[in-house]
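Reading through the structure tokens given below for one structure.
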Amino acid sequence: MIKRQKDRKFELVSKFKPAGDQQQAINKLTAGFEKGYKEQILEGATGTGKTFTMANIIAKLNKPTLVITHNKTLVGQLYGEFKGFFPNNAVEYFVSYYDYYQPEAYVPQSDTYIEKDSAINDEIDQLRHATTSALMERNDVIVVASVSCIYGLGDPKEYARSVLMIHEGQEYERNTLLRDLVNLQYDRNDIDFQRGRFRVRGDVVEIFPAGNSNHAYRVEFFGDEIDRIVEIDSLTGEVIGERESISLFPATHFMTNDEQLRRALKAISKEMKVQVKKFEGEGKLLEAERIKQRTTYDMEMMGEVGYTNGIENYSRHMEGRKVGEPPYTLLDFFPDDFLILIDESHATMPEIRAMYNGDRNRKKTLIDYGFRLPSALDNRPLKLAEFEKHVNQILYVSATPGDYELERTDHKVEQIIRPTGLLDPKIEVRPIEGQIDDLVGEINKRIDRNERVFVTTLTKKMAEDLTDYLKDLGIKVRYLHSDIKTLERMQILRDLRLGKFDVLIGINLLREGIDVPEVSLVAILDADKEGFLRAYRPLVQTMGRAARNANGEVIMYADTITDSMKAAIEATQRRRKLQEEFNKEHGIVPKTIIKPVHDVISITKPSEDSKKEKTDSFADLNFDELTAKQKKTMIKNLQEQMKEAAKKLDFEEAANLRDAIMELQSSSRRPKTRKGKALNGKR
């Protein structure tokens, strides 16, 4: 079995030193964990450099670390930042490897069975394998993950037992190596050399590990002895360097042996008979026949080829778990003494809590109607209580920690001072009567100063009406809403920053990627209408959009001051006062953040001859006017751009490209119903 190296240290590389009150936060939180505190909170205002603080804590504690956040875009951003902070350590990326996923489901009302359909992203699968192999080999590992890390991943002990370690001079027959590779789920293919495959050329075996992106190994034999091991470029075959020894990890996380498979098939057969008998006793003959046919077919497939579509539904039997026992997840691959950082904890923890119930409700219907055995319920994400049992030490990080975190621990550290000296925005409450005329006056002031404005409304109709009204007044305005596609959204934000329009109206401007330094005014209409979008945390998050500009201001239009408004205003004013005192003491003058405006991702690929080729923006396209060939070409170009972005570690751009590809693929499958450009949500 492979042994983990334990003597590696985290090495933080940065031209910056902790500034503002980052150092006190780093010291307090590090000391707390060293004292044995299990749970702590970092309440850091927007723009105070919470990620840099997290990096310093990781370096000081020197423990394997799992960073979890609630969506893939944020995972990509954090991965890129940590990769930059720790270039000499293992920083890994772990998200769901599905580009497209339609879960198996049944709708009783219409008697509709929806079969599971999915498309796996090969690059993300490689990154997942790189994650688990790094966790097995070394202790200086940071894994940045989405909540998919609480889903089943296979038994880490069986995975570790399966690792094949070979070294130069070892007595090892070539054919024995080939059999061992097949047992590790590697495929032999002498022509198409890809991850998880090997090829044979006389006494030379070339192996492309599942966790590598472009490097493979060449193992050269002399008789029954390994004569030489070299690392090669998988595409060109160029030798990169010689290796004394290598560890070959399985090509799948779900490793099983023949004995386990025999036991599993026996247990599945037994459960099937019990379920058939139950249905027959209830007079449900259709369900009884259905579960018998489906399960028998699956067992025959597993017996013949070791696999069947939906094999994960039998994971409890394959792994020998008891009824209700939690599945193995990424968390089980970590050593006992590890650190968890929950980024944006106010959003991430509710998502971790919600995963189990959503999964269970869908599967319960499949079981009740004879599509799956009851054991399918144990192929699931962790329950919140099970997640908590995995926690050794955990840090919740948020500008607005949730009730869950605040109830779990009293150990809270604030980070209020921004290294840039920027203050929390000024806040003013004005009456609703005449709010639009007042807003127009404030917008014109910002336009005169070449600044931008965010306006947040409560309803889609109000946002649309306000957009039309401002346009009639000659104000350059756009409306951001949920119907707008990924790349069009990026184009809108870029155009706002470039000054192509001055006002952006939306219902929920809390989504990631909305930080625009040019925005000096955030106007919140109907601020006193209590609800999700006007609760304390969303209000604080919305106010934070004006915290990137030295002239940042928030105007809340309301006739009464609700408890949520009062709490949000008081919290912001308290922080602003502390920031002003700090700036005065240290002679700091706040300056607006200077952030370069990146080009929106192009749809057409520039030619080698001319880099000036015109490109279309995603916003200007009507998918229904494109031919199937045009869509295919566009998808291919976007896929190339996605791979290039991933190579440059720009995972935010890669994730946006992936979303755009999925939108194009989806438009290719659905019937044509749209007319005209999908701009501003109009049909």
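Each residue, glycine too, has its Cβ placed from N, Cα and C.
The annotation domain 'Helicase ATP-binding' is assigned in Swiss-Prot to 31-414 on the grounds of sequence analysis.
Here the Cβ of Gly47 (ATP binding site) has 19 other Cβ atoms within 10 Å, regardless of which shown protein chain they belong to. The annotation ATP binding site is assigned in Swiss-Prot to Gly44, Ala45, Thr46, Gly47, Thr48, Gly49, Lys50, Thr51.
Residues belonging to the motif 'Beta-hairpin' (97-120) score a mean pLDDT of 78 in the model. According to Swiss-Prot, the motif 'Beta-hairpin' annotation covers 97-120.
Swiss-Prot lists 435-601 with the feature domain 'Helicase C-terminal'.
Look at Swiss-Prot and you will find 632-667 tagged as domain 'UVR'.
Look at Swiss-Prot and you will find 662-683 tagged as region 'Disordered'.
Taken from Swiss-Prot, the feature compositional bias 'Basic residues' applies to 669-683.
Counting residues per DSSP class in helix, strand and coil order gives 3 helix, 15 strand, 6 coil for the motif 'Beta-hairpin' (97-120). Working note on the binding-site residues Gly44, Gly49: by count of other C-beta atoms within 10 Å of each C-beta, Gly44 ranks first.
A count of other CB atoms within 10 A of each Cβ picks out Thr48 as the most crowded of the binding-site residues Thr46, Thr48, Thr51. Apart from Gly44, Ala45, Thr46, Gly47, Thr48, Gly49, Lys50, Thr51, the ATP site neighbourhood in this chain, defined by C-beta within 8 angstroms of the site C-beta centre, holds Thr53, Ala399, Gln415, Arg418. Counting residues of the domain 'UVR' (632-667) by DSSP class, helix then strand then coil, yields 33 helix, 0 strand, 3 coil.
Mapped onto three states, the DSSP output places Lys50 (ATP binding site) in helix.
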